[in-house]
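Q: Reproduced below are the annotations present in TrEMBL:
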- A:54-350: domain 'Gcp-like' (DOMAIN)
- A:141, A:145, A:162, A:344: divalent metal cation binding site (BINDING)
- A:162, A:163, A:164, A:165, A:166, A:194, A:209, A:213, A:315: substrate binding site (BINDING)
């Protein structure tokens, strides 16, 4: 039996408080989360229903000019500049006066992500832990997304589609691990969209693909679609070929290469395709692939719930397509969150970390807090679920 | 090649406890190329002493600047969030 | 399953063909019927499978139509070729309607004992992992060898399945064990590239690891033993090719693990 109250709150309080620090990519997030101590958590698989209360959820994004990606060093510098200010702001919003007394555990992202930004946040987390004498927990970023999604949507045991700048995975829980059923064989969906946005010289903020989504909405001719490669391999997919192809189309379009018959009428030289059309076709094609592999995983594990998490998960079109897929399956349900939780944030790290902490997991030696760029979702032992 | 380029930094903190915290925070991270670059951390009272050794001045510069960056974060954390901070109490 | 799908398939098949739902996969819905599509006197003692790919509302109609046609036609063409390969067990193709996404096949498999469900490899392995069974029973090993041999034979003939999971392998009871059939060739292709074969094996390995985690190492080892036997039986040429495929399989696996996972 899972006992989520294995470790009791500090100082005889009847609630837990966790501080969560996230900085694995270009978003720096600090969250403060409260779990009440409830008797029903002593036995049973209730980790999706912690009655979590968000006391603070602040974020600052390192924004690069359109056409440029974020580099690890510059991102790390951003995080260093803002980390302490953000922690102070979060503590203030949460009305925490004395962190030593009021905080049960400090949770930080151990990986996966970019090394330098992860490291700069880990340094702040370690210092706070020693300064306040509060225990530390290293959290897997992907598990953070999953647990926050479950808590917000109350999805008990969903198939999880995790779509972000660095990840594209279809995940389902089985025997104490979040197992990866399908994933990208090359680049991540968010990366694919970001890179195409760079080709189009449109900004990547606030989330991967947001501006492509906006352009796609304005596509005037939604009946016809450009034919793009459709590359689903079992429950896995590949996206680099699609990106290379659509990139070349965009470049020909900007260059006005009339020889390209897909884009220009060979007789009149008239332009047939717009940037909006490209965005629309790309999105329709990529998302159809994502929904298909999710449905494959659902059929394979006999599940009827889907939870979409990660930055690309805010995309309304993706959510809509997933909804339609689920409606055609028996009792199908889709769960998704909005940009407060889809986009990387500190609260999700606090949620996953606090679950770990309540099960008795804690950093015993600071050597365990060394960050790691590669940290697979299925490496984490999920003690808090049956 | 020998590690014959060296530098010693002495960073005074307000208290010995703070210097010790800084040391503990810096210690865990592994050095990527130990054959090219080495760091050791010690404290004497309230002073954090960081010794660097490297094969050339370029590697030394990169390594030192990265450690200084981390120390800056530690100092800022202690200043802004430490228990002695009056400001936090009055937040 | 939604009534809507049943209505759609019934309108494709016409009024005189009773169907019974068997399973809803991701891509296709599977029905069984006792009526032969064009052989009215075939008798009613035989069962047939009707595999239907319903239109997917979630995807753009032009993607949907293209995929349905490509996969239905591709699967039919492939099945007809694979059926002729000696030793390879695939369902016999009876009829195909690519524009409506319908395929008729011979019925394979049966119910597993003690209510353990339909006899695909997934349910079979789950049954042997459940209480009262031994997951390391010799029959499990032999069955996985047989499955590995089927995949080996497929690859040796330069075909790739594209979606190898334990749900896509059906077992049929024979005298002293289980005969393995490969099904669901919607993502399959002819390919002599080691890369495609390596990815095929990797997809299967991962499917076994995620679906049958506790005994995955043994299961995968047995599958690979069966796979290798086919190549090894082809002499030195086979050995060389086997080495190529297995090396690439390892590379794909490493790529999968090493692939950076940036949040």
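Heads up, the Cβ atoms here are built off N, Cα and C, so glycines get one too.
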Q: What count of other C-beta atoms do you get within 10 angstroms of the C-beta of residue A:145 (divalent metal cation binding site), across all chains shown?
A: 33
Q: Please report the number of other Cβ atoms within 10 Å of the Cβ of residue A:209 (substrate binding site).
A: 29
Q: Kindly assign residue A:315 (substrate binding site) to one of the three DSSP-derived states: helix, strand or coil.
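A: It is coil.
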Q: Relative to the Cβ of residue A:141 (divalent metal cation binding site), which residues of the same chain, six or more apart in sequence, are found under 8 Å away?
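A: In sequence order, the residues whose Cβ lies under 8 Å from that of residue A:141 (divalent metal cation binding site) (at least 6 apart) are A:22, A:24, A:109, A:111, A:112, A:113, A:344, A:349, A:375.
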Q: Including all protein chains displayed, how many Cβ atoms other than that of residue A:162 (divalent metal cation binding site) lie within 10 Å of its Cβ?
A: 28
Q: Would you say which of the binding-site residues A:164, A:315 has the most Cβ atoms within 10 Å of its own Cβ?
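A: Result for the most crowded candidate: A:164.
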Q: Over the span of the domain 'Gcp-like' (A:54-350), how high is the average pLDDT in this prediction?
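A: Here the predicted model's pLDDT, averaged over the domain 'Gcp-like' (A:54-350), is 93.
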Q: Which whole-number value in Å describes the distance between the Cα atoms of residue A:209 (substrate binding site) and residue A:145 (divalent metal cation binding site)?
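A: If we compare the Cα positions of residue A:209 (substrate binding site) and residue A:145 (divalent metal cation binding site), the gap is 18 Å.
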Q: Around the C-beta of residue A:344 (divalent metal cation binding site), how many further C-beta atoms are within 10 angstroms, looking at every protein chain?
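A: Result for residue A:344 (divalent metal cation binding site): 28 other Cβ atoms within 10 Å.
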Q: List the Cα distance (Å, whole number) between residue A:162 (divalent metal cation binding site) and residue A:315 (substrate binding site).
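A: So the alpha carbons of residue A:162 (divalent metal cation binding site) and residue A:315 (substrate binding site) sit roughly 13 Å from each other.
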Q: Tell me the Cβ neighbour count for residue A:166 (substrate binding site), meaning other Cβ atoms within 10 Å of its Cβ, over all protein chains shown.
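A: Summing over all protein chains shown, residue A:166 (substrate binding site) has 25 other Cβ atoms within 10 Å.
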Q: Taking Cβ atoms only, which of the binding-site residues A:162, A:164, A:166, A:209, A:315 fall under 8 Å from chain C?
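A: Near chain C: A:164, A:166.
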